[in-house]
Amino acid sequence: MSQNDNQRVWHADATFLKSRRGIMKVAEMVTLFVAFVCFAVASSPKYLAATALEFLITLLLLLLYLLKLNKRISFLFWPIVDVFNSVFAAVYLIVLSLMALTSYSVTGNLVGGVVCLMSAGLLFVDSYILFKKITFNKLRKETQNQINE
């Protein structure tokens, strides 16, 4: 058995990063990171934890699509998981940002709340675009190919 047989090569899908969904995921991560930094500067741990958690979830979904793991792990329909995550995260971030905006005492909370609202808007747009592409009356492979385009 040669050494090449034991190695697995991970190929990144660079075209995903250039697609509309890839750009949306990266924009979501950037806004969530900026909100995280703002809340960290303001020393607001309750807002900090929520933005860090959503940043990690978005990063994992981005890596899932970037490394094409959604094709290897096929027992879940990943676009629906992505839509549910985007909708729930957007609602949660709207509530979080409204709390940060109404009770701010430090400028970091104000800026973090505004950036969280922007992130929630991006999450809603992402879920709308993705849900619009999903059709439930086609075979699974046809829908996956349509979503990945």
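Glycine is no exception: its Cβ is also placed from the backbone N, Cα and C atoms.
TrEMBL entries are annotated by machine, without manual review.
Look at TrEMBL and you will find 16-135 tagged as domain 'MARVEL'. According to TrEMBL, the transmembrane segment annotation covers 26-42, 48-67, 79-104, 110-131.
Same-chain residues lying 6+ beyond the ends of the transmembrane segment (110-131) with a Cβ under 8 Å from its Cβ atoms: 20-21, 24-25, 27-28, 31-32, 34-35, 38-39, 42, 44, 47, 51, 54, 79, 82-83, 86-87, 89-91, 93-94, 96-101, 104, 147. Break the domain 'MARVEL' (16-135) down by DSSP state and the numbers are 103 helix, 0 strand, 17 coil.
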